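If you check TrEMBL, you get these features:
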BINDING   Cys544, Cys547, Cys584, Cys587  Zn(2+) 1 binding site
BINDING   Cys553, Cys556, Cys571, Cys574  Zn(2+) 2 binding site
DOMAIN    314-481  domain 'Helicase ATP-binding'
DOMAIN    579-733  domain 'Helicase C-terminal'
Amino acid sequence: MENLFGEIIDQETESTGFFADVIIPVPIPKLFTYKIPRNLKDEIGIGFRVIVQFGQKKILTGIIGKVHQKPPVAYDAKPILDLLDNHATVNPLQIRFWAWMAEYYCCNIGEVMNAALPSGLKLSSESKIQLNPTYDSDTSPYPLDDREDILLQALANKSEMTYDDCVSVLGIKSIHGIIKSLVIKEAILVFEQVKEKYSPKVETRIRLSKEYASDKKALEGVFQELSNKAKQEEILLKYLQEVPVYKNPDLNTKGIEKSVFTDANLSASSLKTLIKNGILEEYKLIISRFEKEEPSEEEIILSELQLDAVAQIKTQLEDKNTLLLHGITGSGKTEIYITLIKEALAGGSQVLLLLPEIALTTHMVGRLRQVFGSDMGVFHSKYSDNERVEVWNGVLSGKLSFVVGVRSSLFLPFDSLGLVIVDEEHESSFKQYEPAPRFQARDSAIMLAWLHQAKTILGSATPSFESFYNARTGKYGYVSLGKRYGEAQLPEYHLADILVDKKKNLLKLDFTRLLRESIQEALKNQEQVLIFQNRRGYAPYISCEDCGWIPECEHCDVSLTYHQFNEEMRCHYCGFKEKVPSTCPACGSNKLSAVGLGTERIEESISLLFPEARVARMDLDTTRSKYGYQRLLEEFGSGNVDILVGTQMITKGLDFGKVTVVGVMDADRILFFPDFRAGERAFQQITQVAGRAGRRDKKGKVIIQTRKPDQQIFHQIIQGDYKNFYIQEMGDRQRFFYPPFVKIIKVTTRHKDYKVAERAARSLHNLMGDIPVKKIMLGPEKGLIGKIKNQFIFESIIKIDKAGNAQAQFKQDLQSLINEMVAHKDFRSVRFVVDVDPY
Ligand code: ADP
Ligand code: ZN
Ligand code: ZN
């Protein structure tokens, strides 16, 4: 039998008696056991990446979860095909974290692994390879063998090759060994279905050879030898001028860009000679996006309030693991974080700062970059896979001890976290909906910190009720900041009654007189305006004025959203799109009109109402590209835009000094949403977007347009009375059994056949009823959206007692019920989705 390196191995491989339980990135409910071949027995450990065969055809990367001597009972263990590294890629804390996540969020550990590992670390038969742009066979210290050479030659003529291509080029089946070896030799990069290829910035650099760098005498000798070779001497002098000789020999091998010499018009051939003679050395450096900036010197001095907050945080964290920092918008939480992060790093701990997706390109990251420079890694969800691998390896190698990132940065290979911060902790985007694991990053961060014996700080101007509750009951520490930094004041609020204006004919293109006048005033003073409406597209839908016909998605139970920009109607659930018909397909009338209000339509209205203003729009449609969001913000920040219209994207973390007016187009839309969190969310979103106004010397103005101005919530928002709003809403939550008083689990049943979906949902619902824990069950009901992508949807909601381990038991029993259900012949193709703590 031939192994992956093409070596003949003896048959005894089969019987080392050692087995490994391997985590593989597929949704199966258990770990599979593989045999450990003899040649790998002493090299394999927990957290190592291995190649295994799964099913008949699939070759996958797995992670060793456990090594033991028990052969599986139900099947014959297949051998591990190969070991990918000589070190663990995943540490034991990570595996514990995965296991916790799988259990808590009712999914499989393989699904967690799949989310956790960047696909560049998951070789499979679907992987592709490309030439490493920094590889140079002439300067590489690693010789290639024949097969490797053939593969590289083949690759040189192509931009990429699939595994199958490699197999056919080499004419052998097992190519993982060769690919692995080429990866180790830094000749190729492996990736998986990435659209965006890796193109790092590569610099050619020159440095002193080791021999001379550590030996001043030898270097002096070189100068003597060069005394009659002026051109070479000049080059060497130039080098030493750029890189002074340090006492520490390691520093002496510091390089400079090759272009320094050419820019100084020094002889290229003399440089070549110096390199040939082994005095200087040429090498390539990948300029990572994390190494561009050096920390800047600028010291910021904390205000007394901030200093006091830092002191309180430290005292409270002596006996609490988690703390809520409740600081109003503009109170200067960032500087408080910075102080705490610096201290944690100085103590040798790692630090993770989680931010909602969209806040990642804002001022906060810029400010952190100023302070931490290249010691900080940024983990963005719009990064390509190779960029993720780069951060991953930075953490693994210890180069990055501080990472600021989106929710998936929880999975980075930290081994000694000391501090985890979750900023804007109330943000619903911390919850992952699809696919599994459907985790809440804030809650998972607390668990992760606990595994590391680290502390967690949750920061927000409008804390989630869950966190506020935990703070009030003493489970979390609590520190509040009630004043903005410096002279900045909170904005003044105005309610503008849409119906009153409408009656008086003062409502123009959905803008009340107050809002129009405030915008006009701001424009006159060359200040900036934000307009918030949480609905993208032109109008929610098109409707026939004669018969009331409304176009719906062919695949989902929702109406199509009208996008005027390209005269299209689009489904926001499945992406289906269609041109707007010229006449009503139901009655033939040509009176089709757009109903409702989306950001596109507001943008258009603004250009009609304020033709002199420069308008931009920020929503999912305008920020799809990698830097789309950043570019828009730069435009706005540099004053090229007067009015920015946007969805909830504009509510987060923006800190622009010239914004003085914020308009909330339709507050009722946020408030009257069929969800128990609607009130909480309205309070948060309105307060957050209002918090963008007047962040410097000039007081800001917030205009909230509504049809029902006398609702109490508006007055609580205006007074900043979060506490009373909370107390009142919590009364309702307690009475009607909602979190944080109960745990909610949502079970969704999907099938393309309505009858099957309904029957499956009923059966499972009845079975769940028998699980012996204290609970309230609702459903099964047709989902709020009854059909998505041709699948009919039914939902059961289970509210479970928080006491004891009721929910743990429920989840465990539920898992086996679902396994039973899908084993039943009628329900084999039904999909059951469990969502723990749904949003
Ligand atoms: P928050 O995140 O609490 O809304 P920020 O951290 O964005 O508030 O701070 C608001 C503004 O105050 C920012 O422009 C920030 O630069 C400034 N600021 C905060 N603390 C200080 C300080 N100690 N010295 C100088 N400027 C500060
Ligand atoms: Zn009609
Ligand atoms: Zn659809």
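Glycine residues also receive a Cβ, built from the backbone N, Cα and C atoms like all the rest.
Checked against ligand 2, the binding-site residues Cys553, Cys556, Cys574 give no residue with a Cβ under 6 Å from it.
Selection of the binding-site residues Cys553, Cys571, Cys574, Cys587 by a Cβ distance under 6 Å from ligand 3 yields, in sequence order, Cys553, Cys571, Cys574. When the C-alpha distances from Cys544 (Zn(2+) 1 binding site) to the binding-site residues Cys553, Cys556, Cys571, Cys574 are tabulated, the minimum falls on Cys553. The shortest Cα-Cα distance from Cys553 (Zn(2+) 2 binding site) to any of the binding-site residues (Cys547, Cys584, Cys587) is found for Cys584.
In the three-state DSSP classification, Cys553 (Zn(2+) 2 binding site) falls within coil. Most Cβ neighbours within 10 Å among the binding-site residues Cys571, Cys574, Cys587: this distinction goes to Cys571.
Following the DSSP three-state reduction, the secondary structure of Cys574 (Zn(2+) 2 binding site) is coil.
Report note: the Zn(2+) 1 site is defined by Cys544, Cys547, Cys584, Cys587, and the residues of the same chain whose CB lies within 8 Å of the CB centroid of those residues, excluding them, are Glu545, Asp546, Gly548, Trp549, Pro585, Ala586, Gly588, Ser589, Lys591, Leu592. With a 10 A radius on its CB, Cys547 (Zn(2+) 1 binding site) counts 13 other CB atoms from all the protein chains.
Report note: the Zn(2+) 2 site is defined by Cys553, Cys556, Cys571, Cys574, and the residues of the same chain whose CB lies within 8 Å of the CB centroid of those residues, excluding them, are Glu554, His555, Val558, Leu560, His572, Tyr573, Gly575, Phe576, Ile788, Lys789. Among the binding-site residues Cys547, Cys584, Cys587, the residue whose Cα lies closest in space to that of Cys574 (Zn(2+) 2 binding site) is Cys584. A separation of roughly 23 Å, to the nearest angstrom, links the Cα atoms of Cys587 (Zn(2+) 1 binding site) and Cys556 (Zn(2+) 2 binding site).
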